[in-house]
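S.K.: Pulled the feature table from Swiss-Prot, pasting it below:
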BINDING   19-26, 81-85, 136-139  GTP binding site
BINDING   T26  Mg(2+) binding site
DOMAIN    10-209  domain 'tr-type G'
REGION    19-26  region 'G1'
REGION    60-64  region 'G2'
REGION    81-84  region 'G3'
REGION    136-139  region 'G4'
Amino acid sequence: MAKQKYERTKPHVNVGTIGHVDHGKTTLTAAITFCLAKAGGAVPTAYDQIDKAPEERERGITIATAHVEYETEKRHYAHVDCPGHADYVKNMITGAAQMDGAILVVSAADGPMPQTREHILLARQVGVPYIVVFLNKVDQVDDPELLELVEMEVRELLTEYEFPGDEIPIVTGSALKAMECGCGKRECEWCGKVWELMDAVDSYIPTPERDTDKPFLMPIEDVFTITGRGTVTTGRVERGKVKVGDEVEIIGLRDEIRKTVVTGVEMFRKILDEAVAGDNIGTLLRGVDRKEVERGMVLAKPGSIKPHTKFNAEVYVLTKEEGGRHTPFFNGYRPQFYFRTTDVTGVVNLPEGVEMVMPGDNIRMTIELITPIAIEEGLRFAIREGGRTVGAGVVTGIIE
């Protein structure tokens, strides 16, 4: 079968379903594909196709994730759904599936449950910026007052974790009823609710800023000298763009920030007018000595990112089966933290009342590195011991 060409006509947004086990995340995902398929915007994907999601390995961590795609009139969406709670935790911490917004599914019959809370907390911690709520299984609730009560509870919970609980769109419906009906019409009592949800997602979750529009950043992978021309750093542009004549800062591994000017940009030995996010390039730097730059530093737009040593993080600790530790670790644990292209030693401070961390746990912690690294909220990292990955984390707040 010939592959369809991906037409880049609509803005692209990444979303995902989150919420407590058995509240209907996967059924809703299926219902969205069925309803949108009626308007030619999706391939209908059945529950069991989504539920038996293949396991993927992201940085050595096994995560089961289902990916579906669909289109509304306004946008193209990539949607992730995970079968198990542990998969969500790993997914959100590793950033394996970046979400520009999440659809929180809450069963109207049960109200918010422990994983509802945990997923909202994780969304807040790892920087999922927007949430839209689908209050599911309303066919099982006869009392409209009960429905109002659940909605209020959900709004309060969202507010508790610093989401705008009063503004967040909440759509009520039944994913199962929409699936059973299958007409996919907007006028339909059940299918119409799925359309209402997609309208809310379309309007409430903004189109994310493209990587090329963000401030320039390139992690340095290699450094060499070209006789008579100067020092060249190579790497893949993570975001933004860079051209000859741009002023950049060299940040990380030293306390001071070094300013320089890009005097040449090359890609595959060819001279480039401008390099953009995703390009693997070499940059010639004015007046910089080979000894002043090393792998693990970054080139960045002046003022856009700072070197730090101390930060808070949300961390997932690999299980023994995933190749992680076989034993717990304690306060003062000193592994390597792998940021972008290099390892830096750091010390772990556990929250008060936490004695130890077991393989398979996810935990908030404070980390202090022995040398500064260019760090910002949302940056992902790996925790390593002797070259093997034992954990994955995301920076949730800078301390110093």
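Cβ from N, Cα, C; glycine included.
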S.K.: Give the mean pLDDT for the region 'G4' (136-139) on the 0 to 100 scale.
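M.R.: In the predicted model, the region 'G4' (136-139) has a mean pLDDT of 98.
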S.K.: What is the number of other Cβ atoms found within 10 Å of the Cβ of V138 (GTP binding site)?
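M.R.: A count of 21.
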S.K.: How do the residues of the region 'G4' (136-139) split into helix, strand and coil according to DSSP?
M.R.: 2 helix, 1 strand, 1 coil
S.K.: Which residues, sitting 6 or more apart from K25 (GTP binding site) on the same chain, put a CB under 8 Å from its CB?
M.R.: T17, I18, G19, D81, V105
S.K.: Quick one: pull the CA-CA distance for the residue listed as 'Mg(2+) binding site' versus H85 (GTP binding site), whole Å only.
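M.R.: For the residue listed as 'Mg(2+) binding site' versus H85 (GTP binding site), the Cα atoms are 13 Å apart.
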S.K.: What's the number of neighbouring CB atoms sitting within 10 A of the CB on H85 (GTP binding site)?
M.R.: 14
S.K.: Based on DSSP, name the secondary structure state of D22 (GTP binding site): helix, strand or coil.
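M.R.: DSSP assigns D22 (GTP binding site) to coil.
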S.K.: When secondary structure is assigned with DSSP, how many helix, strand and coil residues does the region 'G2' (60-64) contain?
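M.R.: DSSP composition of the region 'G2' (60-64): 0 helix, 4 strand, 1 coil.
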S.K.: Note down the number of other Cβ atoms within 10 Å of the Cβ of T26 (Mg(2+) binding site), including every protein chain shown.
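M.R.: So the number of other Cβ atoms within 10 Å of T26 (Mg(2+) binding site) is 22.
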S.K.: How many other Cβ atoms sit within 10 Å of the Cβ of G19 (GTP binding site)?
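M.R.: Result for G19 (GTP binding site): 26 neighbouring Cβ atoms inside 10 Å.
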S.K.: Please classify the secondary structure at C82 (GTP binding site) using three-state DSSP.
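M.R.: C82 (GTP binding site) sits in coil per DSSP, no helix or strand.
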S.K.: Looking at Cβ-Cβ distances, which residues of the chain lie under 8 angstroms from D22 (GTP binding site) while being 6 or more apart from it?
M.R.: S107
